[in-house]
Amino acid sequence: MDDPNQCTIKQEDSITRPRPTEAPTIQNLKQEPAIEEGSSSTMDNMLMLTIDTNQANWQGTYDDDEMDLNNKTDLIPLLETEKTTINEDELYDDEEDDDDDEEIKKGIGFELLAQALGMSAKVPVEKEEPEKERAKLSGVGEFMKQIRGEIKPIQKERIVLDELGFRVRDPSKFPPCRIAEVQQTLTLADHQDGIDLPPPNAPTDVRIVRKLIRQKMVRCKKCKNRFIEKNIYERHLRDKHPDLYEEYIREQEEEVELQRLEEIEANRIEELQTGGFIPPENEISQPSEDPNYIPLPGENNGGLVPRFDYYGRIKQLKRPYKKKVSPQCPFCDKRFRNEFSLKKHFAKKHEEMVEFQQCLKCFKCVENDAEMANHDCELTYVCFECTPIRNLCTDNRLLNHRKKFHRGANSGFRCSFCNMKFLTPRKLRKHKKMSHVFTKTFQCHFCEEIFISEVAVMTHERMHTGIIKFECKVCDFRANRYTAMEEHKRDEHGYVCAICHERHAEYPEMKHHVYEEHGGYLAADEPTAYVETPRMWILYKGE
């Protein structure tokens, strides 16, 4: 009986195989007959071999009958060596993906080996997972593995925060702010000048300074730009975003109405806490409101009287006047009525600053664009008590600004005539010019009454001296002024109707009375004292 370990090979008579001219494909290899059942384990291991076509290079034809079995047995050590090599390569099969050409070479080498042994075999095709097949066909798997091999581990950076919660920076790149030094200098200057100003309350960290400035700035909802002046923000909305400007106006009106209601509620709570509110005497003396009273047009809506056009359609009402913040000079802190006045001020007082530019980081004003790139952008001389926050650029300007606007309990400039206080010297001068412009006064020689002109004093003294210049022609009334005599004639005498003896102070009223009540008209169109005509109606003047 044959050895079971020995291969059973089916031989055919004079099998002659020519040299292949083309490399067989996988489809042709699949058509070869499979190995018969009962083959040994050696053949099972042989199925996993991969032999290059160069190792199976043969020429001519051969017959299986003439092949010596010893030659077949000589191939067994070679097969075992290749088996060991293949088993080692299988360890890395999960890490590398073979190309389609390598699969073809695998089938070609196995067929040539089987032909050399005089057998036919079927190339085993390993079934791969669908994901690996797609990755192999598209090349994504190999590419992703290359990427995974090149990714470096993430380096964690340690961030250190200071006591304020900000990130600690390199002091060479971020030098310390000089705000504390400037505040100490201002305090010493205040004591030297003898002015008791309150100590400046300003942060010393430049990051907190920038945060405070951003909080006090107004930001546009649409373009996210920031504005330090509210009037500039309103002009920006009016010119760039008209739809937002209308909404902004409505919000301002609602805010004003809300403040008014809050004030009324606060007054009501105060009345409840204090036990009632006692109105002043002048309000008590006034008559109570009549419930049947019909208000005049525009009386209850702020004086806005509706207007109608020729066709009876109501006209568009004008928006009520609202006080806006006047523009201010960034160099000398003066405010003006409008932008035109501010431009005139620039041309007159700051000729070199007509085309100035303002930095949006430190809010300094420079002459032109060239100096904007080279200016010292720092927040050192900042006044935090102003709204909006102002950067005065120099210590001298900051000191003068605090003396002028932030004097604490001593703030305000007092008028020497009426003891009123004003915020700036300019407002004090304006008050004196408007209220105390009359430097000369004229006093009556008979009493202590004072007049602003000599003519007024002479007219008043006629009452004491008895000099009479005007006498009434109807009664014995006398007056020293013409206006007083005219008032007497109109009030005491006036015009009397000849029919019903009704009295009227003005001639047009008398004329209208005669036409409406008596169905006639006056004989004369001029207010003559005595008129006699053939007409029925006679007009009398006086009693």
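Quick reminder: no glycine exception, Cβ is built from N, Cα and C everywhere.
Residues or ranges marked as compositional bias 'Basic and acidic residues' in Swiss-Prot: 10-20.
Annotation comment: Swiss-Prot describes 1-38 as region 'Disordered'.
For the zinc finger (218-241), the DSSP counts in helix, strand and coil order read 11 helix, 4 strand, 9 coil. Sequence annotations record features per position, and here Swiss-Prot assigns zinc finger to 218-241 (among others) based on sequence analysis.
Swiss-Prot lists 327-350 (among others) with the feature zinc finger. Within the zinc finger (327-350), the DSSP-based counts of helix, strand and coil residues read 11 helix, 2 strand, 11 coil.
The zinc finger feature in Swiss-Prot is assigned to 381-406 (among others); the stated evidence is sequence analysis.
Secondary structure counts, DSSP: the zinc finger (413-436) has 11 helix, 4 strand, 9 coil. Feature annotation from Swiss-Prot assigns zinc finger to 413-436 (among others).
The list of residues near the zinc finger (442-464) in space but at least 6 beyond its ends in sequence, with Cβ under 8 angstroms from a Cβ of it, reads 480-481. For 442-464 (among others), the entry in Swiss-Prot reads zinc finger.
What Swiss-Prot records for 470-493 (among others) is zinc finger.
The zinc finger annotation in Swiss-Prot covers 495-518 (among others).
Outside the zinc finger (327-350), and at least 6 residues removed from its termini, the chain residues within Cβ reach (under 8 Å) are 229, 231, 356, 358, 365, 390, 401, 404-405, 426.
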